[in-house]
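According to TrEMBL, the protein carries these features:
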DOMAIN    A:74-129  domain 'Protein translocase subunit SecDF P1'
DOMAIN    A:204-318  domain 'SecDF P1 head subdomain'
DOMAIN    A:321-494  domain 'Protein export membrane protein SecD/SecF C-terminal'
TRANSMEM  A:337-357  transmembrane segment
TRANSMEM  A:364-386  transmembrane segment
TRANSMEM  A:392-415  transmembrane segment
TRANSMEM  A:444-462  transmembrane segment
TRANSMEM  A:468-491  transmembrane segment
Amino acid sequence: MAPTLSAVKQAWRTLIWLVVVLAVLAGTIAGGVLFSAPGAGWGLKLGLDLEGGTQIILAPKLESGQQVNAEQLSQAVSIIRQRVDASGVSEAEISTQGGQNIVVSIPGTPDQDTLNRIESSAKLEFRPVLVADAAPTAAVTPTATPAEGLSDTPTVAPTNASDLNWVTPALQDQFTNFSCDSDGAKDAGQAPADKPLLACDENGQAKYILGPVEVTGEMISDATSGVAQTQTGASTGQWVVNIVFNDEGTSKFADVTTRLNALKGSQNQFAIVLDGKVISAPTTNAVITDGRPQISGSFTQDSAKTLADNLKFGALPIGFTVQSNDSVSATLGSTQLASGLIAGLIGLILVVIYSLFQYRALGLVTVASLVVAAAMTYLVIALMSWRIDFRLSLAGVAGLIVAIGFTADSFIVYFERIRDELREGKGLASAVEAGWRRAKRTIYAAKAVNLLSAVVLYVLAVGNVRGFALTLGVTTIIDVLVVILFTHPVLRLLAATRFFSSGHKASGLDPTALGAIYRGRAEFRKPVDSTATKKAGAGREAALRQTIAERKAAQLTAEKPADTKKDRKDS
Amino acid sequence: MASFAQFGNDLYTGKRSFDFIKHRRIWYTIAILLMVASVAIPLVKGGFNFGIEFRGGSQFVVSEVGDTPQSAAEDAVASVVPQAVARVSTLGASGVRVQTDQLTGQETNEVRTALAAAYKIPETEITASFIGASWGSDVTGQAIRGLVVFLILAGIAMAIYFRTWKMSAAAMLALLHDLVLTAGVYAATGFEITPAAVIGFLTILGYSLYDTVVVFDKVRENTARLGKDSHLTFGEAVNLAVNQTLVRSINTAVVAALPVAAILFIGAFVLGADTLRDISLALLVGILVGTYSTIFVAAPLYAQLREREPKIAKQNDRTLAERARASAAGRPTDAVVEGQPTA
């Protein structure tokens, strides 16, 4: 039994790995709870349909006479969905209401960042700075109405966006009287793209007259957030948004920086305008020809990521404001959920009974493996609830219930292979090893298909489908881990016990009930009339497979013509 | 059933064998008839019953309600439009939101009256509006794109793993069979197709392929052993593999189906968790059909595709000729065949 000894040793070693995996998962969550990291906890977060959440109604910001059309609305819904998805896997529900509003239902209570993420238009423009000035801190002489009689058309047609001829006397006057905390400032930023714009910076500390739009957010092909680095590669600790322009944006941006680089003073600056506010107005130190500018501003990690995401998914076709923000209860009543859980539990008990009936003591291994898989799944989902705001929805629960079938199948495939090997006449210890080698291949191949579907759907799909893909992927990986780290080592250990290796009737691996049954009934091998061999081929193949067990059986019958079946049990 | 192990044992040795491959015409006919029916039923019945998440619908917001039992709203809607599934949520502290399939103007007014009566408030406190689909065409589009990419990749992966595209083709056809049938069951029962049901479809899609891969892996093992001195034709080798994995197929299908069936029958029908019905039906049908189609559709299709290859056809002819010669010579085979095949 020398190989068994090393198998036992290996089995214990593998089981230690299982403990390590579980400990790391639990430890991470425990650490999060201990240091009260935001969102960390032992519980699972539930989805909108199970727990309810918040319903936010967004109304479009319309100027008088402006209409929203269905196309704009559905485009906005799609963009908002991508934005919400980008912040985690929470399965929000987004729809239109009354052909005008957008209803966003998200689980939990949204913070201000989330609301910003949803409602900001994310209309990004690059405009050259014409005039810059510090904004008055207190409201100066509120001459709200522009002085009459001042011309608001340029006397000389401006040649380019940096041309100071854009600043008409009327605009200059408006600018002088412009205060960033006035009501007028809120309406600023609405100027057409080909006209100059009055705008303030985010903090209301500076005001600008900006030239017409030169580069827009639509020319962005990708945006990421990160920490700025100095030329030597050291981190400055400041959060920035990195932009990658498409070809058109790259060439336009190169033109702008070439022109501005030659100018002096305020005109050397260009302003990055987001939803009518100047988030940054850097000076141009060099001509940027690679189309990869960096936006710095007063960003936090979250706000930098939000902006990067919003730029990537594109600007909303129209601006929206939050009209109402109400808590909403679960659509699936709590009684319904309870009924579902009770039913699921009954189903699980049936699975246990069936496993025990089918596999006897091995059924207990199935049940124990499912328990380990359940524990690991719980920990991983709790971890995902915390780290990526994963929420378990009804569909997710259903996915987990089906996962019971997928997971149990790994054990069933494995057990059946062991039985096959026993039928071939192998001893239990070697049957476990040989069965594992063959089952492993099948299990890996089949699980790979599952994992593939999970990864593809997660990457490409949106909304609920993404949540489903995540559940499927996680349970598939856990399933494989449990088979390798628990079921197989446990079977190796069991194979070394007397109860199993002696082929006890209740072990589920009783050779007399399997291959060895033929041993005591050698008359089976009597030649049969060839007319009855409709399935001779299959039969002959069977004979081929029986040989080992039967050869042994023949030997045994020769030695002890008595009831060998009984002898076997005693051995 | 006293000796299921004995049954498995007989299947393994080939002592007992079901002719899945030989009678393929019968299985194909059944599969085609079922698929035709699955396509015909929605055509006759006028399509599927899509949920409001797909079609949009009517929404009522009842405000300033003292007590907010959800069942009152469900009853109110059912009293006007019995077949509508109402999704009721409480909104804030004193509001109730009721979403239903799209109602006509007449029905809308009646539901409004019924709701006002149910919550004992004036009708003016109830606003009715139209809500758009939350599962819009963009979600469907993305999901379908993901699905197509997955199927192509899965087909390639299986072809590489099994070293033949024919297994991929057979698996995909069986998958198509499963999806059509499951969709047909939805059309026949008139169950609502909700996002949860669609997730159910996606799950069974994975399950169907998974089940096929497990069985095909055994087929691969068995057919790889076929050589010059083999006594089995290709079809018989495939059939033996299917029989040898039959116990696994049955056990897995039972274990996978039990919890789902419990949710469908006990949860939805006995305890009345209506919303669980949509997804559990898709899953139950999918698991059963997925297991069935691997055995009765995918395996025979695969055998048929391969049997046409000249090399395999030649091998089959040789095996059959030898068998004929042996039986003509009256040489007794050493094979054991006890009892007639049951299938």
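Keep in mind that glycine also has a Cβ here, set from the backbone N, Cα and C atoms.
In terms of C-beta pairs under 8 Å, the stretch of A:337-357, A:364-386, A:392-415, A:444-462 lying closest in packing to the transmembrane segment (A:468-491) is A:392-415. Taking the domain 'Protein translocase subunit SecDF P1' (A:74-129) as a whole, pLDDT averages 80 in the prediction. Listed as Cβ neighbours of the transmembrane segment (A:364-386) (distance under 8 Å, sequence separation of 6 or more from its ends, same chain) are residues 18, 21-22, 25-26, 28-29, 32, 37, 39-45, 89, 351-352, 355-356, 392, 400, 403-404, 407-408, 411-412, 415, 470, 474-475, 478-479, 481-483, 486-487, 490-491, 494. Across the domain 'Protein translocase subunit SecDF P1' (A:74-129), DSSP classifies residues as 21 helix, 18 strand, 17 coil. Listed as Cβ neighbours of the transmembrane segment (A:444-462) (distance under 8 Å, sequence separation of 6 or more from its ends, same chain) are residues 81-82, 85, 406, 409-410, 468-470, 472-473, 476-477, 479-480.
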